[in-house]
């Protein structure tokens, strides 16, 4: 009983159940449409042996990380400024509220036109997908810094510059961290779309081209890879957050904010 | 005002004119504060404070007592320099206030909103000194002293979230004391604590005040707390147009005994002011 409960907590039970259901469904359908877990694993081995699997994963990952980093680096200072200055907030709010409804993917054709078919257009796409989330979260974080904190600092003798560096930025860390985490998720969505439309490599490309060869098992491999990459990226980010930014209140709040 | 039976005109003249300037750290004359809410035709002006006259003596424990919404906190915020008065004069050490300053420290009601959760107890206490560029060694010496004074020994490395409400308020108090202010402004600092912790902290406040001899202005709506802590108790009328309409001298000896006859007489005296119908028509 205790073993089961531990497994449930670690997510093992969920995945075991997932595999069982998958197997049952697959056994009752055409393998061309719905491969079994074993067939999928075989597909993965095929892709591993010709080295495409690893290189696709690395390429997609590189695009995501690069674009996401650039977007975050740009979004944090922008968010800080927008949160800090009311006039700036009023100036850019209409843009933010307009552009955030245009999905990153909708820009892919334009970006290819502007930045070429190569890597830049994809990285810029991810940057775009990241930017707004990071700006909005950071700016909201700045606006929500309690007045009492700023007043405390002021009456303890802090200058306006010191308040920004020693009060507002540290207080915004959890909000900004939430932003970059959400943005990471968005980046994966955007990169798959971009790779399906315009790429010769990457996980999105794998999923898209596998249909040409009726390799449903490869599609499954691609989907599982995306889940794994996202999960690994998020875990890595959270671990880094916990170890380096723990004191700012990025705690172990994991599932559904528990 | 003269209709009011409990007002001793002596007390008022005593508070506003006779006190000489060198003795008072704060002098407030005809002070007013109004807010405008809404805009255009719908704008409404609300006069929170009007004609406030008050002198605070150096080293005293002064209480501002009144019901919620009477403008006690607004008056405190004006003294702190967080807000600007709309009428009248507000001098600290003879100089008008135009911004917050480290000689006027505020202890807020909610420690979670005012402490820095990313700093541990010691770092919170050293914050003001760090901002002023005081060296690490010197900071440590000062924070050691106030950690001990505030009863925080053994908790230096804890973060605010690991502390109880009472402990957090100790951190707030130590944090402002480490900055060596002349004036401690306290905005219902014990209001959010449970009754037991509150009693302990009241005694602690008296002890800390006796040891540091700082001037304290303490806002509360609790009559018992006012009598327990205050050397003088300024009673505010209900808003709008609030003012300090009477100042009660409370010469009971510290630490005060809640159950003593004198304590209860004093409490009764204050109670009768608030229970009088005239209070609501001031």
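The backbone N, Cα and C atoms fix where each Cβ goes, and this holds for glycine too.
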Per TrEMBL record, range annotated transmembrane segment [choices A:39-59, A:123-143]: A:123-143
Cβ-Cβ under 8 Å with the transmembrane segment (A:65-83): same-chain residues at least 6 beyond its ends: 89, 92, 122-143, 164, 168-169, 172, 176, 179-180, 183-184, 187, 191, 233
Among the ranges A:95-117, A:123-143, A:163-184, the one whose Cβ pairs under 8 Å to the transmembrane segment (A:218-237) are most numerous: A:163-184
Cβ-Cβ under 8 Å with the transmembrane segment (A:123-143): same-chain residues at least 6 beyond its ends: 63-64, 66-68, 70-72, 74-76, 78-80, 82-84, 89, 96, 99-100, 104-105, 107-108, 111, 115, 168, 171-172, 174-176, 178-180, 182-183, 186-187, 189-191, 194
